[in-house]
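To keep things clear, I will list the structure first and then write my remarks on it.
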Amino acid sequence: MASPGIDTEQEPLLGDRTPGSREWDIIETEEHYKSRWISIRILYLTMFFSSVGFSIVIMSIWPYLQKIDQTADASFLGWVIASFSLGQMVASPVFGLWSNYRPRKEPLIVSIFISVMANCLYAYVHVPASHNKYYMLVARGLVGFGAGNVAVVRSYIAGATSLQERISSMANTSACQALGFILGPVFQTCFALIGEKGVTWDAIKLQINMYTAPVLLGAFLGVLNIILILTLLREHRVDDSGRQCKNVNFEEASTDEVQFPQGNIDQVAVLATNVLFFVVLFIFALFETIVTPLTMDMYAWTREQAVLYDGIILAALGVEAILIFMGVKLLSKKIGERAILLGGLIVVWVGFFILLPWGNQFPKIQWEELHNNSIPNTTFGEIIITLWKSPREDRNEGPTGCPIEQAWCFYTPMIHLAQFLIAAMLIGVGYPSCNVTSYTLYSKVLGPKPQGVYMGWLTASGSAARILGPVFISQVYTSWGPRWAFSLVCGIVVLTIMLLGVVYRRLVPFSVRHGRIQE
């Protein structure tokens, strides 16, 4: 029986039915109920481990890349960062298709095993005599390929929950993912105490230092995850009302299980939701990318100050996101996911509108033609460098402010700190609201049929957004400045709101569309 502490996660299960009642026993036994939610929680943990595995090395990639291969430059760093999303984009439809026709344990275990092996490869990229940077590129790409199991996780949770349980489950999934992204850099900071030299296990040529210890922890978490999936995960699928459905994944299908309902999926709604999800992740990816260059240009922060202060800001946004995910669970019961998605987009638009430069005060100009600690003008990889470079590398931070190479610095008003913080807070409210409601709506539109392939395409669209968002903002910001950059973002959000308005009535659950359940 479920404990009172987790009622918010599982409530309402099937209307007003409670365990022990005759209606409950007909639709779902208590044993099935417990097994179903244990399996769902295992997948919450899978999302957490996956996001920790990604973020635990994100702050150390650049110094590690420089250490193992002196030929690596900033442009190659861009490829290393993008390789994770590229790998995930390729793998998501593959694992999704696999999960439609085979037990979902299979793609989950294989994908996690790939990630474990990729993390081990990352720990050994210093061993080869040459081309070390390409081994790192392959390692990060394979970690991303393994992360394609996000499509399987979302597909499983969508298929194992009723309509009434869906938003809570999806919100919990996003909260676990966000918590992993927050705690990953914290673990990395702890491992920094080991130092660059660390210890060496000569027998297997393994160096355990501040760069390799995080990925070894990621590999350990992956092995633990595989054990939990093998021992505790069971195949479950229910229809929109919560009744068990027969499907190829089900290990012990009984004769009284209901079949899949007949009816066509609304492909217009499916395509529109993919576009909405792409824009939501595109916008937040570009915001994360531009935070450090923007604050260094506007407030003349040194590299050390930018890493510290922006790290605090992004961590605060992560905590805010978890609170928003929990709030969405409650609010959706009153106004529905479509209204929350619309409201979230409006809040994001207001946030970027506030970011537009106003007034007569201009940023400090970086006159000296020395090493530019702000946003360079060449590659996406160079933009990311400020997040990785250790302040110990150069105690002389050099000139600060808006570099003269960016002509817009001379005529674009500065964005005040209070203005930036308010905008960041609003974007931090709008993004998680749009994120969880968009793929919750997506899963409801698809209905109780296997969703693996569709969830694969949704995950792939998100991966593409995380690749294109930073490239877009780096080019526009460098060439034309924040006024043009954020104006274009505001325009994109307006177009997205218009798209949502056009398809608003189509974004309804499969069973509602076909008249089996009233909305």
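Note: Cβ is positioned from N, Cα and C throughout, glycine not excepted.
These features come from TrEMBL:
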| type | residues | note |
| --- | --- | --- |
| DOMAIN | 39-508 | domain 'Major facilitator superfamily (MFS) profile' |
| REGION | 1-20 | region 'Disordered' |
| TRANSMEM | 42-64 | transmembrane segment |
| TRANSMEM | 76-96 | transmembrane segment |
| TRANSMEM | 108-125 | transmembrane segment |
| TRANSMEM | 137-157 | transmembrane segment |
| TRANSMEM | 178-195 | transmembrane segment |
| TRANSMEM | 215-233 | transmembrane segment |
| TRANSMEM | 268-287 | transmembrane segment |
| TRANSMEM | 307-328 | transmembrane segment |
| TRANSMEM | 340-359 | transmembrane segment |
| TRANSMEM | 420-442 | transmembrane segment |
| TRANSMEM | 454-478 | transmembrane segment |
| TRANSMEM | 484-504 | transmembrane segment |
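Same-chain residues lying 6 or more positions outside the transmembrane segment (420-442) and placing a CB less than 8 Å from one of its CB atoms are 154, 166-167, 170-171, 174, 178, 270, 273-274, 276-277, 280-281, 283-284, 287, 291, 294-295, 298, 313, 316-317, 320-321, 324-325, 328, 332, 337-338, 340-341, 343-348, 350-352, 354-355, 454-455, 458, 507.
With Cβ pairs under 8 Å as the measure, the transmembrane segment (215-233) is packed most heavily against 108-125, out of 108-125, 340-359, 454-478. Contact between the transmembrane segment (307-328) and the transmembrane segment (42-64) is not supported, since fewer than 3 Cβ pairs fall under 8 Å when only residues 6 or more apart in sequence are counted. Counting Cβ pairs under 8 Å to the transmembrane segment (484-504), the stretch among 42-64, 268-287, 340-359, 454-478 with the most such contacts is 340-359. With a threshold of 8 Å between CB atoms, the same-chain residues lying at least 6 positions outside the transmembrane segment (108-125) that come near it are 46, 50, 53, 57, 68, 91, 95, 132, 135-136, 138-143, 145-149, 152-153, 205-207, 212, 215-216, 218-219, 222-223, 225-226, 229-230, 233. Averaged across the domain 'Major facilitator superfamily (MFS) profile' (39-508), pLDDT for the predicted model comes to 81.
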